Amino acid sequence: MPAPNRSSTSPPPFLLMGIPDLAVFHVWISIPFCVTYIMALLGNTLVLLAVGLDRNLHEPMYCFIAMLALIDLIFSTAVVPKMLGVFWLHSREIGFEACFIQMFFIHTFTAVESGVLLAMSLDRYVAVCHPLRYSTILTSPRAIQAGLLSLARGVGIMIPLTWLLTSLPYCSSRAIPHSYCEHTAVVGLACTYTAASHRCSLGAATLLVGTASAFITCSYCTILRAVLRLLAHRARLKALGTCGSHVFVILIFYVGGLLSVYLQMFTRSLAPHVQVLVADSCLTVPPMLNPLIYGIKVRQIQEGIRKLLGRLAGPRSSQA
């Protein structure tokens, strides 16, 4: 009895080609990406543990910082291990479903991060402009609810969009000229008219990220105007310092995202390997920088990490 034809029920896998024209340098190129991934794992794990174990940090602002750390851990883990597999082991094959699952995680947690950054901007707005009402307006349970709402918003929009992409017919050529399942590169392999998919993707990006960035801009403009009205120079510096780390993280997130999007749009004027390297960096560098920025800018996070490291070093020193 002949074996059933599995290709009729299971679509063939895609092939990740890594960085075009630079395949011979993949091992060397992988080194900085591996270092950034290790630093992202260590930094974000320390931030999560410091906030979770220190009761003094169970406040809305630090809850949002912990959410960002968790998002960065999920985000980078969804991309970098497979990327390193392509660079080191030539493990280029990625299953049809696995490719779209990776794409789903990338876009969903990009949307979730934009929602958390919006919640953080509103948190700072209340803290600066309405300090006496801060403890009643924003509580830790409400911060967690805001994070869950951001997650629901991202998942609710990305599930139908990902389903739309999986329903497209793809050609026999399954080679993705990228290090991960990048949206534009995958859709470019479809053997059909993809204008509807592009319109849906653009609409989703505008709804998820564009609206959040507009509200964040309005929030921080209002904060800046309120800070400049403060008479005391020390109070002004304190307020600016409180918001400084958030502004840095927001700039890294949005500048990197916009840069990656525009490079995908203007592919003709840019070498493919430059485009892929920039896109890879925009996904891997921010998760490493975020805990460094908070470790430098937010004194309470520094103290929480010191306490955590002290607890970890304590048992070892006593055993010695």
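Each Cβ is built from the backbone N, Cα and C atoms, and glycine gets one as well.
Bear in mind that the values here come from a model prediction, so they are computed numbers and not experimental data.
Taken from TrEMBL as is:
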DOMAIN    43-294  domain 'G-protein coupled receptors family 1 profile'
TRANSMEM  25-49  transmembrane segment
TRANSMEM  61-80  transmembrane segment
TRANSMEM  100-122  transmembrane segment
TRANSMEM  143-165  transmembrane segment
TRANSMEM  202-227  transmembrane segment
TRANSMEM  239-263  transmembrane segment
- Note on the structure: Sequence-distant residues near the transmembrane segment (100-122) by C-beta distance (under 8 Å, 6 or more away from its ends) are 61, 64, 67-68, 71, 74-75, 78-79, 82, 94, 143, 146-147, 149-151, 153-155, 157-159, 161-162, 165-166, 180-183, 186, 204, 208-209, 212-213, 215-216, 219-220, 223, 246, 249-250, 253, 257, 283
- Quick one: average pLDDT across the domain 'G-protein coupled receptors family 1 profile' (43-294), no decimals. 83
